[in-house]
């Protein structure tokens, strides 16, 4: 017999009745029924019920053990009585009568209870993550992550992609988020950077003549954390040679749709080949965001024209200085009280906006300050244009175009949630396409890149030389699912002269481009194919499939929201010698002192 087990804790069934078996695992739960002790023995695979009565040598040992102690049990498999069968367990038709028990490890007082769904503070869960990972939900999430990655690998290989590995110690890049830097011992005063993405390397693989690359790539970004962000994360990084934007879509849609269908647990998924293509400008108008949740049926409309010379002072003033007025319908709100609408306005102000105007309507009668100021006839024109009914309310977001779009987008989400309009049980994908190549930076008073500076502009050199930069679109695209951006990608700018021209428009001279991006530019001067790709985030994919609120619930050992590893104590100080070896010293940041109601740096 094996030293620890003949079967795992999910393997036994009625066909094993009469056998003598050996099981090992954690003491998940105990129930004392007056001289008979029932123990749920748990391992990675499942749970088996162990029975120890007064005739069993295992009874006094098991009785004294604390939960989560690790034991090896020898015993006989017996069928449960009909009334004792547990249909929720694979082993629910049998139980093992313990003959003997060997203690492998005694558990002390537990910081959190494994067999309970009780919630615990995140700092406790992260400090004792190895215990938290024993809990069913989190254990299941990590297994789901493994299965998703395996499925992705198989599907990418089937699509003709080859898996590569790219360097972890790389050069620092001037664009994007902050780098995590690593000092060099052999080259004093110089630093490596952990890659924010394998962007340069994967493009250079295309220049090297490989055709379809992918990897499950670790990425590192020193940025502020959110529920859907982590300083270290993984992405399905891929790149393809001699492709158009449509070729990229056709390659990755079957992978994403297939993975989601495989693990959706009954939820519907947008079919491959049917991902809607939504231009960026349309997304910002209709949804107020470039990450639209298409489960929400509400659509934003622009009614600016209705308030030009309208006599409604506030909106007329906003429109007069180039602002926009956007509206969000609130269907069938005739039974909602005035408080519902006022609460939405209060919510907008708490979110940092100036406020959210509204119109109420019940059986055709308009209500609210905007309807009063704009007049029922003018309001009816808006309702007719938008196809709204006699019991539909309307919320108004007004201001500079970006501000109005942002408020309208947030309000669309809020109204959809408050009215229960968000469709459940589905994953709705879309592509956001036709991003602007450039934007005007109000703070710097100059034109700069809108998103990815290395995207190919639509129209290439002709567009750069002849069009208004703010009208030039890029071959850039995002994949969005249920309001989450899963990936950004682009057809790359592989032509040095077009790249120089694009950077020139954004205010960078040729010398700066050569200095900052020498590796890429020099490679492109030696023969580069047209190429493009993307990089869907693994953590966000698993988060959606697991129906979790943040990505820390699908990462085995995540950092907390302060980028700390509470379990291992990272980041930590290192011995002075370790700093001397890499030729660096630490300088404490200036302490902040309270002066009146403000914190100021103490630079003395």
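Here the Cβ of each residue, glycine as well, is placed from N, Cα and C on the backbone.
The model shown is predicted, which means the values in this text are computed figures rather than measured ones.
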Listed in Swiss-Prot for the ATP site shared with 221, 222, 223, 537, 538, 539, 540, one of 163, 274, 485, 588: 485
Which listed span Swiss-Prot calls region 'Aspartate', if the choices are 187-190, 191-194, 195-198, 199-202: 199-202
Secondary structure at residue 451 (L-aspartate binding site), reduced by DSSP to three states: coil
Distance [Cα-Cα, Å, rounded] between residue 539 (ATP binding site) and residue 451 (L-aspartate binding site): 22
Number of helical, extended and coil residues in the region 'Aspartate' (199-202), per DSSP: 4 helix, 0 strand, 0 coil
Secondary-structure category, per DSSP, in which residue 539 (ATP binding site) falls: helix
Candidate with the highest Cβ count within 10 Å, taken from the binding-site residues 222, 223, 485, 539: 539
Residue 485 (ATP binding site) in three-state DSSP notation: strand
Proximal but sequence-remote residues of the same chain as residue 537 (ATP binding site) (Cβ under 8 Å, at least 6 apart): 233, 234, 235, 236, 486, 487
For residue 451 (L-aspartate binding site), nearby residues of its own chain (Cβ under 8 Å, 6 or more apart in sequence): 435, 436, 474, 476, 488
Cα-Cα distance linking residue 33 (site 'Important for tRNA non-discrimination') and residue 485 (ATP binding site), given in Å to the nearest integer: 53
